[in-house]
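The following block contains the structure, expressed as structure tokens.
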Amino acid sequence: MQRRIMGIETEFGITCTFHGQRRLSPDEVARYLFRRVVSWGRSSNVFLRNGSRLYLDVGSHPEYATAECDELPVLIAHDKAGERILQDLVVDAETRLAEEGIGGDIYLFKNNTDSAGNSYGCHENFLIARGGEFAKIADGLIPFLVTRQLIAGAGKVLQSPRGASYCLSQRADHIWEGVSSATTRSRPIINTRDEPHADAERYRRLHVIVGDSNMSETTTLLKVGTAALVLEMIESGVPMRDFTFENPIRAIREISHDTTGRKAVRLAGGGDISALDAQTEYYEKAAAFVANRGTDPVTHQVLDLWRRTLEAVQTQDFTKVDTEIDWIIKKKLIDAYAAKHGLDLTHPRIAQLDLTYHDVRPGRGLHSLLAARGRAARVVTDGQITTAMTVPPQTTRARLRGEFVAAAQDAGRDYTVDWVHLKLNDQAQRTVLLKDPFRSTDDRVTKLIEAM
């Protein structure tokens, strides 16, 4: 896999069931969740020792943004570390609630929709060169992203006036534009707001907001890995057929509602194509591209899972990937439960099952239970995730940020940090600007730490 700075931002759903008479609003529950963070960070928007950012987003949604990663397994470990960091906050908040006489269980969900129909996102970030034609890259990537849900969707039981049906994606029905500078109002596929968090003369950040939040480590590997490969092909000028859809927003919904992948979707230039055929062509192009430029173990793993997932959809024999792809894992679970208990998809217990798959609490969330029983495949170990909770990626700028935050906290020093700045809030107001996200060592940061 080409070395590239990548990151994942995840907004979590939160709710609380109360045991006593007193009730709290979602806003109040979220504030309890972040009380420990505010006590040491004096804010609900902080950077952690592992280089990540943790904050309370609009609408009472806790959000975790991984540190800059340049390898997929490291990114997956840091994405999973975010779940555990927030789960630790949940345990702390439940203890505080109990101490104050407000008995309650807090539920944190790594999903994309709530029961009221609200949607919250999972955003992928890829660093690209400033010199490239952004519009060309975005236009080339959108058809891939529209069809990618076939291999990387989280799955959802969609309730409608016509009944209930199983869909590929949680996010698809909440996307309203192809490209836009807004993320909450219009919910585009690619966000065009130009915030590189790096040297603006050299870099730009590609901000993809169409993807689902994945519980499965292997699905995250496939989701991000395939996007990185297609992006690399576009940047390298690999000729690809024009799959621009006549209406990308209608296309993303039609594809989500068809688990066979065979729904023909209209193309802007005339004719049509199915998600299965489009993804198969992307896969074949990527396999040829990698064969020509050379492979590595991670790229091989991505291509192998991509091929096997497409074969599973083609044959509708999902046993080849039913521990590796979120929407398939969940569908197998729901189908088995519904058949055992004689339920249809409209039954409330099916909705509960759908939601509980995304509960991040170990031993309660269904995905974590499946993983513990070997029925959900892994990419990284529990030890790697535990390490990622406190140790930043060692080959990117995140290492400098994480080491600075740790040193300042240990020394009891007042400091300010963002993605590119490290600042000691003392009389000298010493500040270091880190414009190169690939750089993991810097004498200026070493001196700043030594001066504490």
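In case you wondered, yes, glycine gets a Cβ from its N, Cα and C as well.
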According to Swiss-Prot, TYR55, GLU63 bind Mg(2+); which of GLU9, GLU99, GLU100, GLU124 is also listed for that site?
GLU9
Among THR66, THR431, which residue shares the ATP site with ARG53, TRP419 according to Swiss-Prot?
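Checking THR66, THR431 against Swiss-Prot: the ATP site match is THR66.
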Can you tell me the CA-to-CA distance separating ARG53 (ATP binding site) and GLU63 (Mg(2+) binding site), as a whole number of Å?
8
Roughly how many Å lie between the Cα atoms of TRP419 (ATP binding site) and GLU63 (Mg(2+) binding site), rounded to a whole value?
16
Which of the binding-site residues listed here (GLU9, GLU63, THR66) have a Cα atom within 10 Å of the Cα of ASP57 (active site, proton acceptor)?
GLU63
Around the ATP site recorded as ARG53, THR66, TRP419, what other same-chain residues have a C-beta within 8 angstroms of the site's C-beta center?
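For the ATP site, the extra neighbours are GLY7, GLU9, PHE47, GLY51, SER52, ALA65, ALA67, GLU68, ALA398.
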Which of these binding-site residues has the least crowded Cβ, counting other Cβ atoms within 10 Å: TYR55, TRP419?
TYR55
Just report the maximum Cα pair distance in Å for the recorded ATP binders ARG53, THR66, TRP419, no decimals.
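This binding site's residues have a maximal Cα-Cα distance of 11 Å.
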Using all protein chains in view, find how many other C-beta atoms are within 10 Å of the C-beta of GLU9 (Mg(2+) binding site).
22
Could you state the whole-number distance in Å separating the C-alpha atoms of TYR55 (Mg(2+) binding site) and THR66 (ATP binding site)?
12
